[in-house]
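Visitor: Quick one: the structure is below, and I'll ask about it shortly.
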Amino acid sequence: MDNLPIIDLAPMLNDEPGGLERVATEIGEAARTIGFFYVRNHGVDEGLIDALYALAVEFFALPLEEKEKLSIAKVGNNRGYAGVGTESLDPEKLTDAKEAFNVGRDPEAGEEDDDSQVSRGRNQWPDVPGFRDVASEYYAAVRRLSEQLHRAFALDLGVPPDYFAPYVDRPMATLRMLHYPPHPGRFDGTRYGAGAHTDYGNLTLLSQCEVGGLEVRTRAGDWISAPPVPGTFVCNIGDCLMRWSNDTYVSNPHRVVNRSGTERYSIAFFFDPNPDALVECLPSCISEDRPALYPPITAGDHLLERLDATYAHRKSAG
Ligand SMILES: O=C(O)CCC(=O)C(=O)O
Ligand SMILES: [Fe+2]
């Protein structure tokens, strides 16, 4: 496979007769084989996406001391600024040549507001006019889209379309703006923008600016590029959904190298289930020849395990 499929979501999102079924079949095929696909007609306003890019560019252009006031290392809940060199998505390589800013979900009515818990509590907001409003609006839009994609996953995996709804209605979802400075000199394979890794949650929705750099590993072990396609998100399956589906879906390694000679920005949205969601291999994915490969775990514990392996500051804290 040289190209990732581009799946049109309109039939599902417009409630066309048979639309959910058709989209679920296409998504299921991609999720089982490579774990990556593009989605178009996804319903998220292009003007909103452009507005968030403009604010991300403004934020990353602030002096480092300003950005570090919002450092992710000061909080336990995975929100705020992570500077160049603070993360190793591939622990075998040098630290990633990227900087990032994370926004989580604001506490909703009746929810505890505890910043020490992963992906809960308050956000750290930069002093950039409009940032909070636009980031919150974008977050809500991609959250809705993620919920809708779960209906297609459920149908394809052999459970009712709303099966996942109670597990993902208070999600540990993270909006992450990313900036990859151009790679200095010739790329020698030691330092990636983002080292090879798999994502942790159920799904990721990635918007790329016009500068490419994302590469995806095929099952055969080749790396193929996933170039920006206007009007789409790249959607990929994460480790949590792979586990939940008893490896029916695949969470595939990917990496970023900015070979363009210019700045690259991207916006990722990582959708992890509710912290207390019990991730237990789906009954429809278990059979006599295919017993459950994993014991049950809460989504919160699963995410913590994965974050602690990635961040230097979390490792030393814990
Ligand atoms: O920036 C990108 O294109 C991908 C980033 C990514 O894979 C990640 O942050 O998990
Ligand atoms: Fe990723």
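Cβ coordinates are placed from backbone N, Cα and C, and glycine is handled just like the others.
Unlike curated entries, TrEMBL annotations are predicted automatically.
Annotations for this protein, taken from TrEMBL, read as follows:
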type	residues	note
REGION	101-126	region 'Disordered'
DOMAIN	170-273	domain 'Fe2OG dioxygenase'
Visitor: By DSSP, how many residues in the domain 'Fe2OG dioxygenase' (170-273) are helix, how many strand, and how many coil?
Guide: 6 helix, 44 strand, 54 coil
Visitor: For the domain 'Fe2OG dioxygenase' (170-273), provide the mean pLDDT of the predicted model.
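Guide: Per the prediction, mean pLDDT sits at 94 for the domain 'Fe2OG dioxygenase' (170-273).
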